[in-house]
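Taken straight from TrEMBL:
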type	residues	note
COILED	13-100	coiled coil
DOMAIN	235-456	domain 'Histidine kinase'
DOMAIN	474-586	domain 'Response regulatory'
DOMAIN	619-738	domain 'Response regulatory'
MOD_RES	Asp522	4-aspartylphosphate
MOD_RES	Asp668	4-aspartylphosphate
REGION	590-620	region 'Disordered'
Amino acid sequence: MPNIGKPDLSEMLAQERRARLAAERLLDQKSRELHNANRKLSAHARLLSDEIIVKREEAKTFQSEAENLKGENTQVRADLQRANKQAVKAERRLWEALETIQDGFAVFNPRNQLVIANHSYMNIFDGLDSIRPGVTYPDILLLLVEEGLVDIGFEAPTTWQARMLARWKHDKIEPITLKLWDESYVKLIDRRARDGDMVSLALNITETIRYEEQLKEQRSRAEAANRAKSSFLANMSHEIRTPMNGVVGMADLLCDTDLSEEQQLYAETIRSSGETLLVIINDVLDYSKIEAQKLSLNPAPFDLERTIHEVLLLLKPSAQERGIDLLIDFDMFLPTRFVGDPGRVRQILTNLMGNAVKFTLEGHVLIRVTGFPGENGNHELRVTVEDTGIGIPAEKVDHIFGEFNQVDDERNRRFEGTGLGLSITCKLIALMGGEIWVESVEGEGSSFGFSLSLPTDEDTAVRVPSVETGLNKSALVVDDQQINRMILERQLSVMGFQVSSCRSGSEAMTTKSGSFDLIVTDYKMPDMDGLELSRRLRSRGEVAPILLLSSAPGDFGTLASDCGVNAVLQKPLLRRDLFRRVAELGIAMPEQNPAVDGQSEKSTSGGPPDKAGSGPPMTILAAEDNKTNQLVFRKMVGGLNVQVTFANNGREAVEAFQAARPDIIFMDISMPEMDGKEATRAIRAIEANSTLANVPICALTAHAMAGDDEEILASGMDHYLTKPLRKAAITAMIEQYLPGGVALHAPATTLSEEK
Ligand code: ADP
């Protein structure tokens, strides 16, 4: 039976068991939960510890960075301090430097207020209190004028201030010089900086101005001395030249007399030394004039071709001595009359052509003139002087244009000269706006050239005689020299001839008789000369007119016409002479042209071939007060077919001219009573009132100063020869104006004198 009041044991045990099971289950669950919680806890703890490690690392990095920054900061602070110190030092140095310099320095801000200025700048204001930082530039200008600190001359104060203010507004401010109250000078140099500040420099240029004033004074004193020197030289040159005329002239005449070899040597030495001395005097005179910039050009119309011809005529005797041919190749279509300084152009040509002849021992000297119309009616001329002479070594070519410079070698030392010619020539060409150049091959020859741009004188287009159209005329040129053949071929073909040419007389003899209308032959040829060729052509029945070209002096007497030559033409040959002769032969139609015909119109008046010794003598009037010079002149024309009348002064010359008009007048310039220029003006006035053509007048002058020749030509003279007179020059002049039909050389003694 169940025990009701008291639980039985099994129950109790079951309960206990159940309770224990439940407790075990709970324990198990709790222990699982604990395990889980433990696991989580340990995972969390691991995580935490990882984080702690990371954080610790980070903390470490931060700490080192903080330490770095701290270091850098100290460095930067030290740098800044150093930089500051340096800036202060630099500023102090700059300022000390600015204070030390004698020139003023100031800076204005963009509102034109003074920011800083050094003492020198402030000194300009002579201690004025109001000039201090902050004062404006317009106020400074006002004070400068009001206080009389600046000398503004006669300009109104307001105008001056306005001008000075306007100046600051320019982009590029020009420097300006101010004169101050204490006679000092400042030059203001202002520049606007990029930030708008104005930097102003006031340079003290008092010393420079004083120096300039001194220089000006010294220069004017030097110029006065130079003028005195020039006029001294001019007078000296006149004084030296007059007696030298006697010395050289007489020595020249003496050389022509019967002398022993020794005497001949002495006379030649006197003559050549005298001439050399005169060349030196002239060169030195010209050179000093160019150096003193006293040389001015005097443009006048002149005939270039004639000038070249005249220079060549003077060189002809020395060229002939060595058998050198002088040739002119003047561009066929180039005018001959230009406006330039005739005396100076002649001087340039004389130097270049003179050198070419001097330095050439055999061969030829060729003067080539070409040109083309340029701007403003000017002709662009190129003149070259080519020679087959000794040439110039390449390394010396630049050297020769310097003063007193010569190619100093064995070969060159044989030639006389001062070494001034080319230097003067160079300067003259530069003065005329031209250029000079040279090409040279040592041992082969030289070619000097220059360019000039010159206006042509009036309408001077060259017209050449032309053969009648449709007649198909032909001409034969015989010359051994290729250049000469070429020039002649060109000249004749311009006239309308069909031109053939031969190199020698024997080649010419192979041509068919009667196939030419004109034959032009050179005289001097190696195998057969021109006279012999003419004789042979005539004897085989040649009827064409024959022109003989010769460089030999004289006209061969009757020999030329005996050989059948129709006319002898002197080389170098002028275009106009060839044209005229051809026209006279009746093959071509002459064309009138003042540029080509000019003054030598009367020298050939047509008619038969030259006949030596025929015709009346040429009449010459010579005005010369000095008896020695009269004697020299008389002797120099002795042997020529001329009749000379002397006048002792200008008045007598005019009277003699009125009594009998001569063929040519030689006129001394300085004569008592009436000088040569005045006499010429009187003669030209008489001619102007008559229908007579002007008589050629050639001045004889002892003056050597530049400018004289222009004055001489301006008085109405056509030419001038400088003393001492040279026989060759006088003869060439006479030959140029020889009337047609009159032979130059008298067959017997036809020289007659009056007075
Ligand atoms: P100069 O002829 O009086 O000596 P220049 O000044 O005219 O003086 O010439 C200078 C030098 O140039 C001459 O001495 C000569 O050596 C050289 N020279 C000039 N022209 C020629 C030439 N045509 N051929 C060779 N040498 C020349």
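Cβ coordinates are placed from backbone N, Cα and C, and glycine is handled just like the others.
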Open item on the list: Quick check on the domain 'Response regulatory' (619-738): DSSP residue counts for helix, strand, coil, in that order please.
Closed with: 50 helix, 26 strand, 44 coil
Task: Asp522 (4-aspartylphosphate), number of other Cβ atoms within 10 Å - done: 24
Open item on the list: To the nearest Å, how far is the Cα of Asp522 (4-aspartylphosphate) from the Cα of Asp668 (4-aspartylphosphate)?
Closed with: 38
Task: Residues in the domain 'Response regulatory' (474-586) grouped by DSSP into helix, strand and remaining coil - done: 42 helix, 24 strand, 47 coil
- [ ] For Asp668 (4-aspartylphosphate), list the number of other Cβ atoms lying within 10 Å of its Cβ atom.
- [x] 26
TODO: Determine the mean pLDDT over the domain 'Response regulatory' (619-738), rounding to the nearest whole number.
DONE: 85
